[in-house]
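Participant: Sharing a structure with you now.
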């Protein structure tokens, strides 16, 4: 397969410093709102990259479940590869990509586990079958076949026919950012890149060369 000529010339929008909020979280919320209104497919999907105890990088897609003044929240199995990596090295990089808008956002920062109360509250909001799955799946572990997983979920359902409590190995993380970059595709590969970096408790906004 020849990949050399697979390319797009971006021209839909531009990003100027005058259009950017002083606070990067506010800027992110603006762009996320525009992605939702534009009916971007899975606008909250984000790639999370981490480094494990051996220094090997790994990444995967998760769903952003909250953004607030503190940072970016997602939920997972703490015993999964990503959970073990984040516990070993509590830093992460996140990338949102909204091709319909020719935009991406990068986030870097320190990672903390979310308070158990907040993880409990979110878990209670999940569909019943999803809560069963959180108990049934030993995420990232090798299993002999799919039937084993289905049987485990059924067993959890028999044990908890009405209320499924949150497993202790499942909960949230928050990425507390110290760097965000907003990328807007432009013609001739002269893309707009506006970066915010945290310095002495305040945000510095600057333009990067594409």
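Just so you know, glycine gets a Cβ as well, placed from its N, Cα and C.
Taken from Swiss-Prot, the feature substrate binding site covers 7, 8, 9, 10, 65, 122, 126, 130, 189, 190, 191, and the record attributes it to sequence analysis. As annotated by Swiss-Prot, FMN binding site applies to 60-65, 75-76, 81-82, 104, 139-140, 183, 193.
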Participant: DSSP on residue 81 (FMN binding site), three-state: which is it?
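Facilitator: Its secondary structure by DSSP: helix.
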Participant: Using C-alpha positions only, work out which of the binding-site residues 60, 64, 75, 140 is nearest to residue 126 (substrate binding site).
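Facilitator: Nearest in space to residue 126 (substrate binding site), counting only the binding-site residues, is 75.
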Participant: When the number of other CB atoms within 10 A of each residue's CB is tallied over all shown chains, which of the binding-site residues 65, 191 has the maximum?
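Facilitator: It comes out as 191.
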Participant: Per DSSP, to which secondary structure element type does residue 75 (FMN binding site) belong, with helix, strand and coil as the options?
Facilitator: strand
Participant: Using only C-alpha positions, which one of 64, 104, 140, 193 is spatially nearest residue 7 (substrate binding site)? These are the binding-site residues in the record.
Facilitator: 104
Participant: Between residue 64 (FMN binding site) and residue 191 (substrate binding site), what C-alpha distance do you get in Å?
Facilitator: 26
Participant: So, in DSSP terms, is residue 126 (substrate binding site) helix, strand, or coil?
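Facilitator: Looking at the DSSP assignment, residue 126 (substrate binding site) belongs to neither helix nor strand, so coil.
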Participant: Within 10 Å of residue 75 (FMN binding site) (Cα-Cα), which of the binding-site residues 9, 65, 189, 191?
Facilitator: 65
Participant: According to DSSP, does residue 189 (substrate binding site) sit in a helix, a strand, or coil?
Facilitator: helix
Participant: Within 10 Å of its Cβ, which one of these binding-site residues (62, 64) has the largest number of other Cβ atoms?
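Facilitator: Answer by Cβ density within 10 Å: 64.
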